[in-house]
Every structure is written in structure tokens, then in C-alpha cells.
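Participant: First the structure, which I've put down as C-alpha cells, then a few questions once you've had a look.
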Amino acid sequence: MTAHDASPPPALLWFRHDLRLSDHRALDAALAGGRRVLPVFVLDDEAAGEWAHGGAARWWLKGSLESLSRSLAARGAPLLLAKGRAETIVPALAAAIGAAEVHAGRGYEPWARDQSRRVHEALQGDGRGLVLHTTAILREPHGFGSGSGKPYAVYSPFAKTLLAAGDPPPPLPAPDRIPGVEPPAGGETLGSLGLYPVKGEPDWAKGFGALWQPGEEGAAARIARFTARALGRYDSDRNLPGIEGSSGLSPHLRWGEVSPVQVWHAARAAGAAPGATETFLKEILWREFAYHLLWHRPEMPKRALRQEFDAFPWAPDSTLLEAWQRGRTGYPIVDAGMRQLWQLGWMHNRVRMIAASLLVKHLMQPWQAGEAWFHDTLVDADLASNSASWQWVAGCGTDAAPYFRVFNPVLQGEKFDPEGAYVRRWVPELAKLPAAYIHKPWEAPAGILSACGIRLGNTYPRPVVDHAEGRARALAAFAALKKPADVAAGEDR
Ligand SMILES: Cc1cc2nc3c(=O)[nH]c(=O)nc-3n(C[C@H](O)[C@H](O)[C@H](O)COP(=O)(O)OP(=O)(O)OC[C@H]3O[C@@H](n4cnc5c(N)ncnc54)[C@H](O)[C@@H]3O)c2cc1C
């Protein structure tokens, strides 16, 4: 027997939502015992169905795959790109290279779970195995529950348990070398995957590159920037959309260019005030909670978790929806957020809450319509966090903001963007308004409006709905579902 014969059979590493080389447990396992590896990414839009990556996500994915391909090639194992059904492609490639095992990160979306099952069955039929690893989250949701053994439905005890469990084990380093195998012929190229640009569509993502650097290096740079500049003031500044007060890590986490374990340890190592670090880690746990919920309530992207909301009298209206999508509601903070989303593929968290609240409460549009728009336009579009957050805002999630708490978009703007810096940047037609009117241009005296070049209803819209009227209508609809006492307890924030 020659030394070559004695080497173990190669392994196939199937990259899914974990487009990195460091702290990658599936990669680590694939390489164990000195195995050679074939790294593969499969674009399987059919499996994802209506949740196939949206436009902004596809822009990101292209950049991320480009970066991953470069890193893999430099280490000796070029990435094979493929397009089609994973349960056909992965077993065929495993057979072609004689792999005994396929290693991959576990998927948590209902469609990704079905996909894992189909790939597993197809491989099993060939006498091969699919080994799934935790690459995207901190704690697997299955078998993890509250004292009574039931899955968590409320965030606080969930977060408390995870914080009490202590820091996760340290992240794994990226391997220096990845011995590859000769890839079978016939893969796709980044261009032939057809992610972006889409033929016949305008180049709507042309502004994205100024802010974002998809890929593992971009993620590391963003962590370094955040821990050096903003983590120490995260407690207060994360709510201010006009400054860089949060990490901007969401798309990097979404695509697994960095793991939550790495983010956790980087935040701890930064040595910021314990309060600020803990507040930040709790946000990472909101993401974790969303995955926990999605695993245990796979209907979450489509159906209200609180069933009484099935009877809510939503009033779908395409004109109102479009005014919201285009940033033309007449509420400056909302319009600024919706335009930031369109131009950068990202929106500040506080403004996501205000904009989402206006859509589902003042405008009475079904939360699923907002969820779908975010899915298509966010570079961090993530089925778990997106659906959990929309249900939270709409009041129909298990641990949601009470429905009667209707955000006042003027007060929210004045509180979190007091000088109007954020509105001035994203709604330039209001840029010259004094701060006193920037969140309520309709209250500005005619002379001021005209001096600022604003003609309400022309250069900038009047509010699509009056706040007090919208709030009253939403509360009345809610009252049909709930006891009046719950409604009376409402407050204007
Ligand atoms: C209606 C609505 C829809 C949303 N859709 C998404 C989505 O599709 N994808 C997404 O990643 N986040 C979503 N969020 C959550 C949140 O707005 C973003 O994660 C955050 O704005 C990202 O900015 P950041 O990285 O600077 O956050 P930071 O404040 O720096 O937080 C650090 C990380 O914690 C996680 N995180 C923070 N807040 C939340 C939260 N409320 N829920 C889940 N994870 C959180 C993110 O991974 C984030 O990168 C949504 C929120 C709302 C209100």
C-alpha cells in the first residue's frame, strides 16, 4: 500500500450561511485527520421558494462569495460554485470526489431544514453521511428550554440563562492551509450565478459599496472599528440614527462572515465599560432568540404567533404601502429610514421600529407586507430576525411590544434625532428647516417653509395620515381583539 492509498477519503464542505474560514466548526471537522476538502457553495433558489434571497442580499452574497473564493484559493482549496437543487448537486459532487462525509452548518429556516433533510436522505442512499455543525448561532435551539423544558417564548429568561452560562468557548482560528481536491468540471462562475446585476434592472446598489465591504476581512475591519470607537458608548449612542453608534455587523453576521462567538469574544476583549458590553451582548442574544423562536415556531414568517391576531382587520392598500416603501409618508424620520434602506440596504434599528410601527399601526398594513419589503431590500435580511422583529412591532409575537403602544413618529424623531441630522441627510428637501420643525414640517410657518424652498404636498408630502387619527383607528381595531382595559392603558411615546 502506498502512502497515497493510506490517506483518508476527502470530505466535502458545503458552505451555506457561514461564508468564512475562522471559527468554522464544519471546516474544522472536514479537515480532521488530514483530509483533503472540496469546498462548495450551492445557490438553491428553488429550495428557498418565496424566501429566496432578495435583491440587496444577492448583491451582498456576490461580494461575500468573491472574498471567500479568494481566501480559499490562497489556502489551496478553490471554492466550487453551483446552482440548482442541493440534494442533487451535493451528493453528485461527493460521489465524484469519493467523499465519505459532507460537513455543513445547520440551517434554521423551515426551508433550510427541509433542504438538510433531503440532502441527508440523498447522501444516505449512497452510503455517505451529512454531518451538521453549529456555525451560525451560539446555542442550538433543539433541546434547549426553560425550567419546564418548554422552548422559551419570552426574551428575558432566555437571555438571562445564556448570560449565566458564561462566555462561549473561544473561537477557532482559520486554518493556514486547506489541502484541496481537484474539483470536478462544470462549476458556475460568480457571473453565471446571476446574483447581481440583474439583466434589464438599473444599478440600484451603486451606493452600497461606499459603506459595505462584504466578506470576512470586511467583517473583521468592522469589528475593529466598532470596538475601538463606539462600543464604550453603545448604551446611549445605539439609539441615535444620526451617528455611528451601533456596530453595523448585521449583514456580516447574517452571512456568517463572522460568528456570534467571535463577536462575543471581541466585545469582551475590547475592555469597554461592563454595562456597555453587556447591553451589546444582549443585542446578540436578541438575534439568538429570533433563531430559537423560528426553530420552535416555524410558522413565524407567515403567521402571527398570537393567534387572536389572525382576526385583525388589516386594511391592505397599495398606495399607502408604496408611499411607505418610497419614503413619502410625510413623517420625516420614517421617510429618512426608508430612503436610507433603499440607498444603503440597511436601516438603523430605532428607525426600523418607528417605520414598522407606522406601517402596521397608523397605516394598518399587514406586517407581512413590511416583512417582504425588508426581505427584498436589506443586505442583512434574515428570516429569523426579520419575522421576529415584525411580529414584535406588530404586537403579535410571543414577547411583543404591546399593540397599544403606538410610537409617535414626531416625538420619536425629536427624542432620537434632536437636531435632525439624520433627516437632513436622507431627506435633503427638508435639510434647511430649523430643528424645531424638522420632524413636523406641517407646523412650520409659511414664511419659514418658503424660505427653505419647501412646498408641502409638492416638494415634500403632507402626512399620509394624521398621527392622532391613525393611532385612534389602530387602537379601535385592536379593541375588537382585546379587552377595553388593555387599550385604555395605552400611552403615547
Ligand atoms: C422591523 C424590523 C426588522 C428587522 N429585520 C432584521 C433583519 O432582517 N436582519 C437583522 O439582522 N436584523 C433585523 N432587525 C434587527 C435590528 O434592527 C438589526 O439587527 C440592527 O439594526 C443591525 O444593526 P447593527 O448591526 O448596527 O446592530 P447592533 O446594535 O450593533 O447589534 C449587534 C447585532 O445584534 C443583532 N441584533 C441587534 N438588534 C437585534 C434585534 N432586535 N433582533 C435580532 N437581532 C438583533 C444583530 O445581529 C446586530 O448586528 C430588524 C428590526 C426591526 C425592528
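Positions of Cβ are set from backbone N, Cα and C atoms, glycine also.
Pulled from TrEMBL, these are the listed features:
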- 9-138: domain 'Photolyase/cryptochrome alpha/beta' (DOMAIN)
- Tyr234, Ser246, Ser247, Gly248, Leu249, Ser250, Phe280, Asp380, Ala381, Asp382: FAD binding site (BINDING)
- Trp314: site 'Electron transfer via tryptophanyl radical' (SITE)
- Trp367: site 'Electron transfer via tryptophanyl radical' (SITE)
- Trp390: site 'Electron transfer via tryptophanyl radical' (SITE)
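Tell me about the surroundings of these features in the structure.
Facilitator: For the domain 'Photolyase/cryptochrome alpha/beta' (9-138), the mean pLDDT of the prediction comes to 98.
Residue environment of Tyr234 (FAD binding site) contains 23 other Cβ atoms, counted within 10 Å of its Cβ in all protein chains.
Take the CB of Trp314 (site 'Electron transfer via tryptophanyl radical') and look out to 10 A: across all protein chains shown you find 16 other CB atoms. According to its DSSP assignment, Trp314 (site 'Electron transfer via tryptophanyl radical') is coil.
The Cβ of Trp367 (site 'Electron transfer via tryptophanyl radical') lies under 8 Å from the Cβ of Ala356, Leu359, Val360, Trp390, Gln391, Val393, Ala394, Cys396, each of these being in the same chain and 6 or more residues away along the sequence.
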Participant: Taking only the recorded positions Tyr234, Trp314, Trp367, which have a CB closer than 6 angstroms to any atom that belongs to ligand 1?
Facilitator: none
Participant: Could you give me the DSSP helix, strand and coil counts for the domain 'Photolyase/cryptochrome alpha/beta' (9-138)?
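Facilitator: Going by DSSP assignments, the domain 'Photolyase/cryptochrome alpha/beta' (9-138) contains 66 helix, 26 strand, 38 coil.
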Participant: Count the other Cβ atoms sitting within 10 Å of the Cβ of Leu249 (FAD binding site), across every protein chain shown.
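Facilitator: Its Cβ shell of radius 10 Å holds 22 other Cβ atoms.
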Participant: When you measure from the Cβ of Ala381 (FAD binding site), which residues in the chain that are at least 6 apart have a Cβ under 8 Å away?
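Facilitator: Spatial neighbours, sequence-distant, of Ala381 (FAD binding site): His53, Gly54, Ala56, Ala57, Arg254, Phe374, His375.
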